[in-house]
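Copied over from TrEMBL, here are the features:
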type	residues	note
DOMAIN	116-253	domain 'Peptidase S54 rhomboid'
TRANSMEM	41-61	transmembrane segment
TRANSMEM	125-146	transmembrane segment
TRANSMEM	158-177	transmembrane segment
TRANSMEM	183-203	transmembrane segment
TRANSMEM	210-229	transmembrane segment
TRANSMEM	235-253	transmembrane segment
TRANSMEM	280-302	transmembrane segment
Amino acid sequence: MSGEDTESSRGGVKSYNNTITSSASASTYLIEDTETQWTSWLVPMFVVANIALFIVVMYLNDCPNRKHSRLVGSCVASFLGRFSFEPLKENPLFGPSSSTLRKLGALEWTKVTVNHQGWRLITCIWLHAGVIHLLVNMLSLVFIGIRLEQQFGFVRIGILYLLSGFGGSVVSCLFIRNNISVGASGALFGLLGAMLSELFTNWTIYTNKAMALLTLTVIITINLAIGILPHVDNFAHIGGFLTGFLLGFVLLPRPQFGWLERRNLPAGTRSKSKYKPYQYVLWLVSVVLLVSGFSVALVMLFRGENGNDHCHWCHYLSCVPTSRWDCDEN
């Protein structure tokens, strides 16, 4: 594998930090009624699908039959045969080569815009750079996704997960041109963003509102801050978060208590509307922003425009240069 592939393997990981898993503890502050109405099955299926696909990727990678220079080293865990991992100098996350990920659908600007392979905006969400990357993302998905699916059902959470991942891929592809990118982190950040907007749109039914808001804000801030380190695709995180935040206003509003109790009211009594006026306003504004945002971003992407040309400081959102690392290598 070439030096360029090495950098791509490290630079394009949609990294995710264990800090996000602690958001599950915040859920105790969020909902006044803790009874679950849905059985979670979609999120576990997503986890199984990601793990199964990673096994397939490792099988196709077939490290022992790939040529490696002496400087790079030999395959890791060679007792696994063709499932063994690439040398740590090529992939420190215990996974396949970047060339294998590229062939199987990793996100790459040239492939998407020049070769018109828009399907990579979706397939990259299901690929992972290594065992560590996969485990952190799947643990985060279990802690966050199952609770949300129990509360809102598989349809809304499925739409939220997939559209957030797609939004993260679009933003990533607009700003990153020299590396490949893989991972479900954009979708996971979308779930976090939806948790925040769900708190706002359903503010009146919450207990301990200040603690809920503080906990979510700290978790989101820490995870986004980690994204400014090198070799992390923070644009996917930001794109997924913004998409999920807006989708939360659209998909996750809860009806007023008075509307839920309308059947118990005396005959002829006028019941309340299903949602509060501000919920309708937030719903409308979010729909407009989502449609216009996706439209503008996709037009820019497939016209081959570079997002950095329109935002000269945005590259600092994904990597801040220091004396220890150079963002030009990212």
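Heads up, the Cβ atoms here are built off N, Cα and C, so glycines get one too.
TrEMBL does not curate its annotations; it predicts them automatically.
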Long-range Cβ contacts under 8 Å made by the transmembrane segment (183-203), restricted to residues 6 or more beyond its ends, are 13-16, 20, 23, 30, 50, 124-129, 133, 137, 140-141, 144-145, 148, 157, 160-165, 167-169, 172, 209, 212-213, 216-217, 219-220, 223, 233, 236-249, 251-254, 278-279, 282, 286
If you count CB pairs under 8 A between the transmembrane segment (210-229) and each of 41-61, 235-253, 280-302, the winner is 235-253
